[in-house]
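Feature list (source: TrEMBL):
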REGION    1-80  region 'Disordered'
COMPBIAS  1-27  compositional bias 'Polar residues'
COMPBIAS  38-59  compositional bias 'Polar residues'
TRANSMEM  124-145  transmembrane segment
TRANSMEM  165-190  transmembrane segment
DOMAIN    304-494  domain 'Glycosyltransferase 2-like'
TRANSMEM  466-489  transmembrane segment
TRANSMEM  542-562  transmembrane segment
TRANSMEM  606-625  transmembrane segment
TRANSMEM  652-671  transmembrane segment
TRANSMEM  711-729  transmembrane segment
Amino acid sequence: MAESSVQPSENPFESATSQPSPRSLPSDQPLARPPQPESTHSSLEISAVQPSSSRQPQLTYAGGSAAGSSSDEISSSDDRKVVKKKYEGKKKSFGERYDLAEYQIEQLSEHDDINIVKSWHRKLILIHPFFIAWVFMTYAAYYGYRIWCNYQFRLKFGGLADASWTFIAVEGVCMFPYMTWMTVLLLSIGDRKRPQLRLRGEHTPTVDVLFTSCGEPVNMILNTIRAACNIDFPTDRYRIIVCDDAADTALEEALQPLILQYPWLHYQARVKLPGVPHHFKAGNLQSGIDFAVNLPGGPAEYLATLDADMIPNPEWLRALLPHLLRDPQLALISPPQTFWNVPADDPLCQSICEFIHYLEVRKDYIGAAWCTGSGVVFKRFVIDNMGGWPTPSMAEDQLLSSMMNGEGYSTAYLHEFMQVGMVPESIISHLKQRTRWAVGTLETAAVLNWGFPGKYTKKMTFPQRWCIFTFALNTLMTIPVFIAFFIIPTLLYWGRDLMVYTSLSQFRWQLRLCAIWVWSLRINELILTIPSGYIQGQRSAMAWQFMIPYLAITILRCYILPKWLGGKEIAFLASGSIRDRLKERYAEKRAGLGLRLKLIGIHCRIWFFVIFVAFTFGAAGLDWYRAWKVGHDTGDINQALRHLLVNSMLPPMWWLFLGIAYLVPITYVFFPPTVPELEQMMNFDPKTGAGQPKHQEIRQVWGVLPLVREIIWGLTLVYCTVLFVGTFIY
C-alpha cells in the first residue's frame, strides 16, 4: 500500500518510539536528478525469449530450451520437474553484468495465475465481452424506447412530463460510470496468457530495492526488512535501500544491527529543506534512486519498490524479473497487493478483489497495467531516460506507469501472490486513503492531458489512452452521480410518474425492456464477480455507492470550491491520535460506543448517512401510501399497482439499493469488524525472526447487509420475471 495507508497508532507491530512525520505539498515540476552513466543500461538491450508451449516446467536461454541438455540434472518433487543447472565460470561483481544467454528462465505454467484462477473461470472471462455487449444493447433499447415514449406523450398530451424526463437523465448519469468501466473490459477481448516463470541459479541481474517508510511503527518496518533480506536471491546481486522520509532516529538506530548482519542493507534519509517542494513519496523514491548511484558497484540494472508493510514472497524477484528479461518493450511489472489484516467480514471492501483479480488482469492484456506502488520491478534506464520519478501527482505510481506507456513501453501485471501487507485499520484512515487516490487520479490525468495527444502520451496505444480518460472521468463523475443519488428519492416525494406512456402497449413494452435489462445487469455482475470473489463483488458495488459522497466532496473542495466556500489545498492530513483512541477493530482494545459515535460520527460525517437513509426510505413509504390512497379512493387495486409500477417499484428500485448501501457506514460505527491479533495471523521464522502471514488472502464471509442485498437482488429478478410474463397476460 501507499505510505499513508498504514498508520503508526493502529498497527499490531506498533512501536512507542515511532511518530508520523508531516510531508510537503507536491510540485508541478519533475524532481531533478543527476545524469547516469550509459554503461549501466547497455546490458538491457535484449531480444525476447519465446516461452515454451509445454505446460511442463521448461528451462530456457536466449538461444532456446535447455531442458534436454546432458549437463542438466532433472529431479522430481511435488509432481513437478525442476531443472538444476551445473554452473561454470566466475561469479561477477555487482557492477558487472551477465549476458542474456547466461540467464536461466524456467516456465512453470502457461498461466501465471494457475493457482488462483480456475479453468472454468477462464472460459467465463473469455465470454464476458459478449455479455457486456448484450448489456449495452438491452440498455440502449430500454433507454431509447423510454425517451421515444416520453416524446410521444408530449405530442399527445402536451407538457414536459418533467419528472419522467428528470428520472431518465438521472438514470443515465448513474449508469454512465458503469458503462465506461465496461468499455475498458471490451477493449481487452482475448485470452491472456502470461506464463508463470522463474529465474533460476546465481546468474541474475542486479536490483536496487527501494524500501519506503514515513513514520510507520519501527517493529513493523523491521519485520518487513528481515523478510526482504532473506528472499531467495543472490545476496551480492541486490541491495535494499531504506528510504526513511521521516528521518526517524529510532528506526536508524534499530537498523544498525541488521545492517551489520546484512551488508546489502542500506539506510538513507533525505534532507527536506523548508519551503522546497519535497514531492511526497515520489521525492522519497527519487532520493533512493540517486543514493544508489554512489554505492559501490554503481546503480543496479533494475529497480524495485517495497512499502513498509508489504512482506515479500521469497520468490518475489525471481518471479518478476524473467518477464522483463524476455521482453525488451516491457518497462515495468507489478504483482497484486493482498492483505493479511482484512476482516473476514470486510464491510468497506478494502481487499479490492475486483481490481487485483479482474480489472488489472484485463489491463495487463492490453499493456496498460498500473504500477501498484509496492512490489514493482522496473528497468532503471527507462526511468533515467524519463528524467527521474515523475512528481506532479500524489498517485506517483499510476503516473509512472502511464508515462512509461507514453514513452512507447508496455507495463505488465503478474497475477501471482508475491507480497502481503496491511490495509488501514480504521475507517478514518480508509477514507483518507481512498480520497487521496481520487485526487491523485485527477492529478495524473492533468499531467497526461487526459489521455489525449500531448507531451507525455505521444506513443500510447488507444486502450492505454482510454484507461487514463476513463479512470479520471469516472472520478470526476462522482459529483453528478452524488447529485443524482439525491434526486432519486426526491422524485418520489414529488409524486409525479417516473414512466409515462400513451397506450397500454407502450406501458407493457417499457416494462418488458426494463425487465430484460435488469436481468442482463445481474448476469453481467455474476460473470464479473465470480472469478474475483463473488461476496466481495457484492460489497464492491455497495462500497462504490457509499463512497460517492466522500469522493464527490473531496473533488469539489480540492478543485472547484473557493476557500471561502469550503475549498482546500491538496494535502495529506494526519489523524493518528483519533485512530489511537478508537482501535475499533480489536475486540479487547476498541473504544466504547459513545466515543465511536463521537469521533467517527464527526470525522466520517455519519449523520449525513442517517439523514439520507431516512430520507430515502421515507420517500418510498410516502409513495406506497399514495398508492394505497389511489386504490382506496378509486376502489380499483389495478390503479394502485399502476402507481407503484411507474414510481417506487419501477425496476431496479434504485432507492432500495442506495438505502442498503448507505447503511454500511452507520452499522460500522455500532458493529465494527474484528481482526485477529498479530500472533494468530503470523508464522515467525526462528532463524531470521521474520514473520510471514499465514494467509495470502482472508477468506470472506457473508455479512448482514451484503446478504440482505443478495436476497433483494434475488427477489428483484423474480419480480422482473413476473412483470415480463405478466405483460403478455394482462
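A Cβ is built for glycine as well, from the same backbone N, Cα and C atoms used for every other residue.
The shown structure was predicted, so the numbers you read here are calculated from the model rather than taken from an experiment.
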Is the count of Cβ pairs under 8 Å between the transmembrane segment (652-671) and the transmembrane segment (542-562), pairs 6 or more apart in sequence, 3 or more?
yes
Cβ contacts under 8 Å made by the transmembrane segment (542-562) with residues that lie 6+ beyond its boundaries:
348-349, 431, 434-435, 438-439, 442, 475-476, 478-479, 481-482, 485, 568-570, 605, 608-609, 657-658, 660-662, 664-665, 705-706, 709
Below 8 angstroms Cβ to Cβ, which residues of this chain, lying six or more residues outside the transmembrane segment (165-190), approach it?
128-129, 132-133, 135-136, 139, 143, 146-147, 150, 359, 362-363, 365-366, 462-463, 466-467, 470, 473-474, 477, 480-481, 483-485, 487-488, 491, 498-499, 524, 654
